[in-house]
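Trainee: Let me give you the structure first, and then I'll get to my questions.
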Amino acid sequence: MGRQEQSLGEGIRSHWALLGNRSSLSWQATLLFLPFGCIGPVFIDRARIGSSEVQGLLIALVGQLTVMACIAVASGAIHRVEPARSRPLLTAVAILIAMTARGLAIEWTSVAMGLSTTMEYSYRVGSSLPTMTGGYIVMALVVGAYERHRRLAASLAARRTELDLTHRSMQTQLHEVHRAVVAHVHQLVDPFLVAIDRLVKRIDHGSDAAPIADAMRKIADEQLRPLSQRLLNSASGVSPDDFKPVSGELPALPLPSHLHMHVLISPLAGLIVTILSFSQAMRLAADPAILLLPIISGLVPILVFAGARAVIGGWAPRLWLGIAVAGGIGVLGLVLSVTVEEALGLPVPEYVMYAAPLTGLLLGLSTATYAAVSYRRSETERELQGYIDALSTASSLLTQHLFIERRNLSYVIHGSLQSALYAGSMRLLANPLPSQELVAAIRRDIALAAQKLDAHAVVAVRLEQTLTELSRMWSGECEIRWTMSERAELLLAAAPVTEASVGEIAREFITNAIRHGKATTVMVRIVVEQGCVQVTCDDDGRGVSASASRGVGSRMLDELCIRWDRTRDGLHTSVTADVAIAHLLIQRQV
């Protein structure tokens, strides 16, 4: 009944698993079963044993209370330990037991009220058991589909909130992370700067410059260099869960306001009628002609539903009206089937005509409701997957920014700070008795280098420049070629962070192919595919061993890529990475 194509086996397994959910043994399912459970005591027993409407309702109430008690006990016993686990076999057994207890309770009540003189167990338990069990299962599946979709809707709402939070807080997150990293760097570097400042001041009092120069070099080598490497190699730790709101409430079920009748009308409902009518065939099995009863009972509704679907299937009324029309078609199908059976001279009991309209109405309404919920579930699943993809893209973009942020800080530490310390050390060694001006210049250079830690500017690294440098660096050992689509070039030019990330990914691919795979030819292709910038690197190397341990490069790829994969085909190795880009995320949401 959903929009996704399923094989018969998959459909059966899906419904079987759905039946095993806790919702099948819920008070909602038993309450929905109430109208169906009233058919026998209120309509059929009136013709069979002469009971009044009030007596029939009292008997039906006893049966309903019995079902509710049995189902409540079964739910607690079956789903007490693992509420979320599907247990279809135990659930089916529990429903059979509940329907058996219902039949016994109804029969005992009928005898106690003087409506019957003998216990008709063959009718109450034997022939009516399949009908009542089938009716309850139909209602349980409707409730199960409703609950399943509510949980999907809750997940969708959560993902929408996560994506919104990610978008609105991305700049805040970047600022906070930058501030945290800078504070951490200052916490480590500032004491060394103070120490250097003290050492440099001692020069004013005639101290030897050589020990001071050595101390500056030692700080650069033993403190700043490892710190720079840690910044480059540390993980950002960003995941969609960081933005997940905490909420335990399920949202209301957003069913579509209008729906085509070909979705709401299900000819397969006739198969349910066939199953339900077997109870009557069992009761009258002595007559060979009765074998036609379940066939006609199912075939006629199938033809009625199929005909209605062909005639009004393209009509898309309001949902409540469409479900009501489906109920009316169910009434027509069941009444017409009884009429055909009587016309053929089959032994149809008189009381069946009382039950047929209500059974058809309930069948049409329940199958249409199930179809509407299943249709919306399919739409929700697709929408949910879209938000999950968008959330993954957004978190990947944030990770790119964090990676580049750490790299920029590492460059400042490794470049500016270390260079200032090295330069100061060399100038002191070259001038054992430095002047006041030289001391002031050294202190000023170190302070200016430290101030660069607070800058937020992204170091502009053009992808073409990175690839050209790699080609020049490995010249003579490996031929490196690359192509970039026009769209990829335009998008990356407008997204410097992603362009820098793609450059780091290409560098990792090329370096691995040459160092570990001993490749002599590498081809890099950069295109836009499926809403991402796709980087593919093909080489003629021997590939990377599957048993090789994951290093810093693999962790970097995990951070910067939405997904990446390495394949080996004969004598060639291919590595592909999908990289998120902000412009495509915006287009996707629009």
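Heads up, the Cβ atoms here are built off N, Cα and C, so glycines get one too.
TrEMBL annotations: computationally assigned, not manually curated.
Pulled the feature table from TrEMBL, pasting it below:
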| type | residues | note |
| --- | --- | --- |
| TRANSMEM | 25-44 | transmembrane segment |
| TRANSMEM | 56-77 | transmembrane segment |
| TRANSMEM | 89-108 | transmembrane segment |
| TRANSMEM | 128-146 | transmembrane segment |
| TRANSMEM | 259-278 | transmembrane segment |
| TRANSMEM | 290-312 | transmembrane segment |
| TRANSMEM | 319-339 | transmembrane segment |
| TRANSMEM | 351-373 | transmembrane segment |
| DOMAIN | 501-548 | domain 'Histidine kinase/HSP90-like ATPase' |
Trainee: Cβ pairs under 8 Å only, please: of the recorded stretches 25-44, 56-77, 319-339, which one is richest in them relative to the transmembrane segment (89-108)?
Mentor: 56-77
Trainee: Find the average pLDDT over the domain 'Histidine kinase/HSP90-like ATPase' (501-548) in the predicted model and report it.
Mentor: 86
Trainee: So what's near the transmembrane segment (128-146) in sequence-distant terms, Cβ-Cβ under 8 Å and 6+ beyond its ends?
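Mentor: Non-local partners: 15, 18-19, 21, 23-26, 28-29, 32-33, 36-37, 40, 67, 92, 95-96, 98-100, 102-103, 253, 272, 275-279, 282, 362-363, 366-367, 369-370, 373-374, 377.
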